[in-house]
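What TrEMBL annotates here:
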REGION    200-224  region 'Disordered'
TRANSMEM  20-45  transmembrane segment
TRANSMEM  66-84  transmembrane segment
TRANSMEM  90-114  transmembrane segment
TRANSMEM  126-147  transmembrane segment
TRANSMEM  153-172  transmembrane segment
Amino acid sequence: MSPQELLTFGEKLLGVMAWIMPISVALSTFGGVNGSLFTSSRLFFAGAREGHLPSLLAMIHVQRCTPIPALLFTCLSTLLMLVTSDIYTLINYVGFINYLFYGVTVAGQIVLRWRQPHMARPIKVSLFFPVLYLLFWAFLLLFSLWSEPVVCGVGLAIMLTGVPVYGLGVAWHHKPPAVYTSAVTRVTQKLCGVVYPEMEPPDPEHTEQLEPMCNTGDPDKPHD
């Protein structure tokens, strides 16, 4: 349905209450953006904790415990995406990539159930549901590739740009000191008031060298 047809449908169906339609769309959009902001920044935060991204993105505020560097990185990435003038093409790129990873994530559940059947699982469901999801996912993915091969190809190319980043930041274990971003890390710590959270120390071979940081348990203690 076109936007005009949708408005006409709302007026015919709801009558004097047709104003509910745009209000509902606005609330739905706001809720989706709000959830995306929380999710995207926490994905960068979790990836940095696992050593897949610079450790700076795994730092949190000393008092509020919010991942400020990850939030700022999400903001900059979003602004970079908005440079394009065709918002519908951007939606297609992002939608295709997201949908591709949704299927890979669900397939990972099946692989783990097969390779590690005795792993502790607080929530365990029948494999029927992920298999059914993957069947629909494969059909829709193949249909997208057939109907929009250029859009899907560009989306895959955008996704593959992460391969050299992974190679330089993670697979390259013995990097020279000049590659590390210690100066940027220190400046960001001072500007944002963030430190690395107390947790099991990351693998030094897969993360950059961390600067000495103070204890996050005492918010009144001065931080460098």
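Heads up, the Cβ atoms here are built off N, Cα and C, so glycines get one too.
Unlike curated entries, TrEMBL annotations are predicted automatically.
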- Message: If we skip the immediate neighbours and take only residues 6+ beyond the ends of the transmembrane segment (90-114), which ones have a Cβ under 8 Å from one of its Cβ atoms?
- Response: 81-82, 84, 127, 130-131, 133-134, 137-138, 140-141, 144, 148, 151-152, 154-155, 158-159
- Could you give the residue numbers and ranges of same-chain residues that sit at least 6 residues beyond the transmembrane segment (66-84) on either side and whose C-beta is under 8 angstroms from one of its C-beta atoms? 37, 40-42, 44-45, 48, 56-60, 90, 94, 188, 192-194
- Task: Using a Cβ-Cβ cut-off of under 8 Å, list the residues of the same chain that are 6+ residues beyond the ends of the transmembrane segment (153-172) and lie near it.
- Result: 51-54, 92-94, 96-97, 100, 179, 206
